[in-house]
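Have a look at the structure below, then the notes.
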Amino acid sequence: MVPATGQLALLALGILLAVCQALENSTSPLSDSPVAAAVVSHFNKCPDSHTQYCFHGTCRFLVQEEKPACVCHSGYVGVRCEHADLLAVVAASQKKQAITALVVVSIVALAVLIITCVLIHCCQLRKHCEWCRALVCRHEKPSALLKGRTACCHSETVV
């Protein structure tokens, strides 16, 4: 059986990719050795004369420009961190509201689940639970009482 043209093309492509990858991963030494870059900080501490330069941030002194700059705290913007970022404040407030709502909904759902489990357990063991019997007996049809049958509650019998 002779392979189809498409299969031959895929086979050739696979061989070509394998050869290229083998050449790419060669272990021959590099011709030029890497040169370590000098580590120089672009920032220094601000001088004492600029300790109060930033209103809501940390002062840094730019080495190349020889002037102070500010790294603003979250929620503040501006050259000297003098403006409140209203979008950040609103986003933080919305996040707190969402977390509060989630906690409240979780507590309510847990309370409903616990009450449901207690009611199911109580109704399965009706004879041991007075308040469950009172709930069931309140909804019992009066016709059952009038025919001389015993009611679900032991305290209610018709003479």
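Just so you know, glycine gets a Cβ as well, placed from its N, Cα and C.
Annotation in Swiss-Prot places CYS54 in a disulphide bond whose other cysteine, of CYS46, CYS70, is CYS70. When Swiss-Prot is consulted, the disulfide partner of CYS46, picked from CYS59, CYS72, turns out to be CYS59.
Of the listed cysteines (CYS72, CYS117), only CYS72 is recorded by Swiss-Prot as the disulfide partner of CYS81. Rounded to the nearest whole angstrom, the C-alpha distance between CYS70 (disulfide bond) and CYS81 (disulfide bond) is 7.
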